[in-house]
């Protein structure tokens, strides 16, 4: 249609969604972008709706959530959609990042896209933490207390920062108000970052492909081919999300959060949501509080160094067997850290956590550069012989 190429706004839609030249050999691993966009839309719509009925007050927050569940038309559906889509969002983001690591999406000329994506992940984690505090159940209160208290590890000014975050000497009304305000605003910041992510992705060389080579020789328009391909995974996503929302809405939550927050009673174990467990395990595996906090934040930020530490001359791990083994060991280790984050701080979980933490950082700082150097050397030796 001619209007799609002449109208200033529709021309943008056309260049990004309709005529965008896309490699012809993309697998379903390239479908996460559309699913993540869908998750963000669901979160913003359900979040704004929930905010209309929520009261950010220590006395009323828990009751207002119960009011949403019992009295608001389809309030239970909106809340469970919001909670379970948050888990789906993180699950898909981890797959998206894993795909990026496997296929070398962090290498030039896509480094800026990778950096913006990493910032999106950090903002997502901050937003999720703020949101987890809002129902003001036991886990909300004590999770907020533990995580904000991490700032007290900063020498000299740490305690002042904690009290500044709380707006008092403990988690109180001021804390809940500011957490609610930030949790409401950050998804829109996230949407802006996603647009930046898309612009940087389209303005460089566009999508990569499973072979890790230039795809300029064989491209297809995004519509209708990849729109239909995206729709397949979107329908599958709705099916799986519906199973959780309608049949097991609390499977990924914590039963302690159905108990009203009580500052006088500590829950048996303070555990964050499953998607933050690997980083919580790294925090707890280091006895020194300050070093633990530094390690936890470094574990998130370390993906930013990948464009520097990957010395390979080749994009992706498809044709690099040693790097493939290292990648699968890293994935297994990440899943082990996720399990350890939910365990009590006792032997042997402490020791396993320390081993897994060392292995996690070693992958980025030692194993990746070493393995890529060995592979480069082997390829050079073979090409010289031939």
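Here the Cβ of each residue, glycine as well, is placed from N, Cα and C on the backbone.
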Quiz item: From 76-98, 145-167, 260-282, which range did Swiss-Prot mark with transmembrane segment?
Solution: 76-98
Quiz item: So which one is it: of the binding-site residues 82, 96, 183, 197, 202, which has the fewest other Cβ atoms within 10 Å?
Solution: 202
Quiz item: What Cα-Cα separation, expressed in whole Å, is found between residue 183 (heme b b562 binding site) and residue 197 (heme b b566 binding site)?
Solution: 21
Quiz prompt | Selection from 32-52, 179-199, 322-342, 349-369, the stretch that has most Cβ pairs under 8 A to the transmembrane segment (226-246) | solution = 32-52
Exercise. Taking only the Cα atoms, work out how far residue 82 (heme b b562 binding site) lies from residue 197 (heme b b566 binding site), in Å, as a whole number.
Key: 24
Quiz prompt | the transmembrane segment (113-133) vs the transmembrane segment (349-369): 3 or more CB pairs under 8 Å | solution = no
Quiz item: For residue 202 (ubiquinone binding site), what is the secondary structure by DSSP, using just helix, strand and coil?
Solution: helix
